[in-house]
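Okay, so here's the structure we're looking at.
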Amino acid sequence: MWRRVASVSHLTFAQKSIVNKDVCKFKFWEAFSTEIPRKEKGTFQRDKTPFITFVLGGPGSGKGTQCMKIVENFGFTHLSAGDILRREIASNSADGTMILDTIKEGKIVPSELTVKLIQKEMESSDNYKFLIDGFPRSEDNRIAFEQIIGAEPDIVLFFDCPEDEMMKRVLNRNQGRVDDNIDTIKKRLKVFSALNLPVVKYYLERGKLYKINAVGTVDEIYKQVYPLFAQFNFEQQV
């Protein structure tokens, strides 16, 4: 069953408590076994309730870099929605071709496809702690995740960064990505503002959102992030 998350009223990142009173479970557990859940290498760690963190922020907000530090300190599995989609593109599948065309237009990939690709990654993991980076990108994404996966996030991080700073960072990283050119970046930022901010508002109203000032050095930004995970007493990585 879905776990209630402890209150963190002593933190000031959001106005509401992080307590999650919704009780859910992952629908895909039912397809695995009717026996008592147990850990098996290469499959989702079913003997523990999943801890899901959504990581939101515009392109160039630095959320991927912060995810790497969370993984290093707290042992989460980092699932980048963008990386998952790019791997599908590289596979030269029909879905990959459709995803590539959609990204080039600066549009959102169909929610059902994105969620099913994320679900596949979660089911193949032997971890129970997940950072889902760059997702949900729209209300449609959010609803599809809840319907297909059957769960809500425990917490939601929102890396708040000025648009001009995000633009500069994306152009400077020069990773050769299909979506790292000025025209596509402008489209992505426009789509982000139109579609992602309602998701931010939704989770803020539910008391799950933690707004992070994403301007500063990596370590300065991480000082805001670290306490959010330290409070749960996860086994820290050496």
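Cβ atoms here come from the backbone N, Cα and C positions, even for glycine.
Taken from TrEMBL, the feature ATP binding site covers Gly60, Ser61, Gly62, Lys63, Gly64, Thr65, Arg173, Gly216. Here TrEMBL flags Arg86, Lys107, Ile108, Val109, Gly134, Phe135, Pro136, Arg137, Arg177, Arg188 as ribonucleoside 5'-phosphate binding site. As annotated by TrEMBL, CMP binding site applies to Asn141.
Proximity of Ser61 (ATP binding site) to non-local residues of its own chain (separation of 6 or more, Cβ distance below 8 Å) is seen for Phe159, Asp160, Cys161, Met166, Arg169, Ala214, given in sequence order. Within 10 Å (C-alpha to C-alpha) of Ile108 (ribonucleoside 5'-phosphate binding site) lie the following binding-site residues from Gly60, Lys63, Gly64, Asn141, Arg173, Gly216: Asn141. Each of the binding-site residues Thr65, Asn141 was ranked by the number of other C-beta atoms within 10 Å, and first place falls to Asn141.
In space, Gly134 is the closest of the binding-site residues Arg86, Gly134, Pro136, Asn141 to Lys63 (ATP binding site), judged by Cα positions.
Comparing the binding-site residues Gly62, Gly64, Pro136 by how many other C-beta atoms lie within 10 angstroms of each C-beta, the top residue is Pro136. The binding-site residues in question are Lys63, Arg86, Arg173, and the one with the fewest Cβ neighbours inside 10 Å is Arg173.
Summary: among the binding-site residues (Gly60, Ile108, Gly134, Gly216), the fewest other C-beta atoms within 10 A of the C-beta are counted at Gly216.
Of all the binding-site residues in the list Arg86, Gly134, Pro136, Asn141, the shortest Cα-Cα distance to Gly216 (ATP binding site) is found for Gly134. Ranking the binding-site residues Gly60, Gly62, Gly64, Asn141, Arg173 by the distance of their Cα atoms from the Cα of Gly134 (ribonucleoside 5'-phosphate binding site) places Gly64 first.
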